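J.: Please read through the structure below; I'll follow up with questions.
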Amino acid sequence: MASAVGMSQLLVGRALAGLGVGLSSCVTNMYIAELSPAAVRGQLGAWAPMMGQLGILMAFAVPSAFAPLGESALRAMLGLVAVPAGTVLALRGRLPETPAWLVAEGRSEDALAALRRLFPNVSERALHAEVRALVEGDRASAGSTEGFCSFVWKHARALRAGVALNVLQQVTGVNVILYFGPEVLTLAGFTDTQAVMCLAATNAGLIAVVYCFSVVIDAWGRRFVAIVGSLGTMMGLAILAVGFFSRAQGWHIHAGVWSLFGIFWFRAVYAFSLAPLPYIMTVELLPQEVRAIGAGLSWTINWTCNVLVCQTFPMLQAALTVPLGADMAASVLFVGYFVCTAAALCVVFAVLPETAGARLGAVKA
């Protein structure tokens, strides 16, 4: 992307980068889950989305840092993407294979060696007991190689729970607020500079919010946090809808403040619940032999919903602005996300089991 000489090359670079991001979003969370002890799996799994929040915060600062480069700034920013990817490649030798995968491949001794490397202070007796438990779990699912259709049929309940949680994460419209946040605040009456500064400050606070999530998620339980977080997210959407409705009615007093508060409340509650939960729970819902394909399917649906929501927002806004006006159009759209979130929450409430503290593969969805 940094060396693009035309639109075609830039699009190819973006597509390749997107494939890499999509793959890493799946593999990273599976890797963390398979390495983590059950008692702290939620806490460790929360570090991936917390680093994501840190990356978003850095993205607000990068344009200012590269501004002195003038016309070369965009190329430099696009090339900067290679730094974290290159760092992972350089450190790949320090990343052991997960014991669960090694056992599934019939490499129990390698699994024991990986456990020794990961947990040097744990007794040999405990490490051998963990390997035996992994072997027993693998034997229970031995010979379960199955086609896609039989996989979907056999694990339908777990897939419904995983897919429902991933759909719920996206139909809240979170990425509309993330991608179009400055435009939303500008529409609410803020200047461009004020909008960017408000969103940067919000993202800084969200890092602390996700950290708080990591501290309590294993004690509070996933299901409780998912349900309460969804209700809180709906409250944020309602505040946004009311804020824009008040502007549309000419009630300009504090309308911008309500919109800003709605975004902050939405992002804070979302970061504490729906942002990290799908990446933790999707892996927990499926047994070892089908974890990769099940998680891949769930996260593919997640990214598909992301694309649909974000592509339709500007089109729907433009279409509704003509008959309703910009403020009322925004209010209607946030009401729509409220309704979609409520519908998805009903499904999640019906199908989502509790996974906190359970061994991977032991959850009965």
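Numbers here mean position along the shown chain, with the first residue as 1.
From the backbone N, Cα and C atoms, a Cβ is placed for every residue, glycine too.
TrEMBL labels come from automatic prediction, so no person has curated them.
The annotation domain 'Major facilitator superfamily (MFS) profile' is assigned in TrEMBL to 1-356. Marked as transmembrane segment by TrEMBL: 12-32, 44-66, 72-91, 163-182, 194-217, 224-245, 257-280, 292-316, 328-352.
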J.: Are the transmembrane segment (194-217) and the transmembrane segment (328-352) close enough to be called in contact, which here means at least 3 C-beta pairs under 8 A that are separated by 6 or more residues?
T.: no
J.: Do the transmembrane segment (292-316) and the transmembrane segment (72-91) come close, with at least three CB pairs under 8 A (pairs 6 or more apart in sequence)?
T.: no
J.: Which listed range (72-91, 163-182, 224-245, 257-280) shows the maximal number of Cβ pairs under 8 Å with respect to the transmembrane segment (328-352)?
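T.: Of the candidates 72-91, 163-182, 224-245, 257-280, 224-245 scores highest.
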J.: Would you kindly list the residues that approach the transmembrane segment (44-66) from elsewhere in its chain, counting only those six or more residues past its ends and only Cβ-Cβ distances under 8 Å?
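T.: Same-chain residues near the transmembrane segment (44-66) but 6 or more away: 28-29, 32-33, 35-36, 73, 76-77, 80, 178, 196, 199-200, 203-204, 206-207, 210-211, 213-214, 217, 271, 275-276, 279-280, 283.
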J.: For the domain 'Major facilitator superfamily (MFS) profile' (1-356), what's the mean pLDDT in this predicted model?
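T.: In the predicted model, the domain 'Major facilitator superfamily (MFS) profile' (1-356) has a mean pLDDT of 86.
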J.: Sort out for me which stretch, of 12-32, 163-182, 224-245, has the most Cβ pairs below 8 angstroms to the transmembrane segment (257-280).
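T.: Answer, by Cβ pair count: 224-245.
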J.: For the transmembrane segment (72-91), what are the same-chain contacts with Cβ under 8 Å, counting residues 6+ beyond its ends?
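T.: Tertiary neighbours of the transmembrane segment (72-91) are 1-4, 13, 17, 20, 62-63, 66.
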J.: Residues sitting near the transmembrane segment (163-182): Cβ under 8 Å, six or more positions beyond its termini, same chain?
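T.: Residues 56, 192, 195-196, 199, 226, 230, 233, 237, 263, 266-267, 270, 274-275, 277-278, 281-282, 297-299, 301-302, 305-306, 309-310, 313-314, 333-334, 337, 340-341, 343-345, 347-348, 351-352.
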